[in-house]
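Undergrad: Before I ask anything, here is the structure I am working with.
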Amino acid sequence: ATSRRAKMAASVERVVGEAPAGYTALAVKFGARQRSPHYLLVKEHQLREGAGTAHPPHRTLFVLNVPPYCTAASLTRLFSRCGDVQSVDMCDKPGPGEKEEKLKSKFFNCETVSGFRVAYVVFKKPAGVRAARALSQEGPLLISTESHPVKTGVKKWIASYAASIVDQEELKAEVDAYMQDYDKKIEEEEAKAAKEEGVPDEEGWVKVTRRGRKPGLPRTEAANLRLLEKEKQKRARKELLNFYAWQHRETKREHIAQLRKKFEEDKQRIALMRAQRKFRPY
């Protein structure tokens, strides 16, 4: 029975260790006590023409099937024996070569990826990629060691909770630094816009801005208060004039009666002028 189980385990390990075409299977273990290894699928990252340069060709190792407990620091330590690692980019799925510029913050946009992931390991020299693929000839690599332990279970929850507590001074320093960069960016944009104002482009068109030739004076706080007071008085007069619906109807009737009375007076005045007119040919 023992030999049968050993044969079955060996056959399963051989089947699992088979990598797809173009990939190399690297056996890894979480710790020394783990019996069955886990396999990372690695290959040289290839880019299409015109793609981004965030993951440079010939120096980037594309890694699939990265377990959730494996961090970027762990991958850096595993592949540092192959050469100097420049960066490790962890993603939930393969993406384009051009990596979007993200805000590196400890408090904002902290997205945690759960489940198995992919990674892009960038070496400083192309020889690191070839050496990483040659690791398949060695024994299983250990992700968690005594010198570099990986926290799991209750220890990981405690560390996550401790990291979630915000340090007010550190948060204030990060916000102040961000606002300084933002103000600097706005000043540069305004200076560039002022420099290009009135200058025709290649086709001879001149960009019209909101300033115009005669920019209006900005409203002061006192002017805004006067305008609001006028609007308030106008609204109050309108509300007091026709407070009830029957008052509104009576106002309309009186206005129509006055118009009719004035019309009759105009008709009488015109008839009197016609009667007083005399025909004098000479």
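Keep in mind that glycine also has a Cβ here, set from the backbone N, Cα and C atoms.
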Undergrad: Which stretch, out of 81-108, 249-276, is listed as coiled coil by TrEMBL?
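TA: Of 81-108, 249-276, TrEMBL gives coiled coil for 249-276.
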Undergrad: Which residue counts does DSSP yield for the domain 'RRM' (60-153) in the helix, strand and coil classes, in that order?
TA: 23 helix, 23 strand, 48 coil
